[in-house]
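K.L.:
This is the structure I have questions about; it appears just below.
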């Protein structure tokens, strides 16, 4: 009998990565993933999925390096396996070019990708308006293929999925641990005012502040200044429930998805370790 009830909110690449990590590593947990939208209707579905990142200003570089390395190793293992076509993961080589020489010529992940080097002068001649470039081989993930593959892997590990909108954490009070991977939904779900694309656009064009959103089909990147991977205790229906947050990746979602999922798994382990014995039985 599974003793600890865990719910993951969000069915994008962050939500499913986190759900898979928990379900596979903690078989004594009953893991349910709840979301209003599933593939092909998530923001992750239209992601380019190229693994590289510009970084987050207030997060220690060593932590970002660990996220990147764990993620790169995860995707490289898939790319080199028989699962690559089904998962939509492949190697990808290319250039990143700059109109001005950046202050940091070697990003923190330069030694974690394959064959990183600065572009030669002859290579840069192809781009006359650019003064500097980097060449490297990384990995690419087609999320419209990868998400169904992750969902299949999650269900194989015993996970359940439930399609419904969660308006408040109070609706999830029946679970022992809540894992919030709701991305842009965190603005309303947990009151995170750092998430909101409309607000940023309204600073440029005030008339948008009251505009009705009819539909979206663009590569939205729900972000905040820094990724939020941490835990807190929330009072729900008269009891304190641990909530693990893993959201706000912006354009680096695919790039560090597995890395932050492993961090979230570690936080879930901590929550279970600190639970009263009767809650685990």
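Placement of Cβ uses the backbone N, Cα and C atoms for every residue, glycine included.
Those TrEMBL annotations? Automatic predictions, nothing curated.
Heads up, here are the entries from TrEMBL:
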BINDING   43, 44, 166, 250, 251, 252, 253, 254, 255  FAD binding site
BINDING   221, 251  D-dopa binding site
DOMAIN    5-190  domain 'FAD dependent oxidoreductase'
DOMAIN    195-261  domain 'FAD dependent oxidoreductase'
K.L.:
Let's check the environment of residue 255 (FAD binding site): how many other CB atoms sit within 10 Å of its CB?
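P.N.:
For residue 255 (FAD binding site), the count of other Cβ atoms within 10 Å is 28.
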K.L.:
Quick one: average pLDDT across the domain 'FAD dependent oxidoreductase' (195-261), no decimals.
P.N.:
77
K.L.:
Counting other Cβ atoms within 10 Å, pick out the least crowded of the binding-site residues 251, 253.
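P.N.:
Among the binding-site residues 251, 253, the sparsest Cβ neighbourhood within 10 Å belongs to 251.
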K.L.:
Counting across all protein chains present, how many other Cβ atoms fall within 10 Å of the Cβ of residue 166 (FAD binding site)?
P.N.:
21
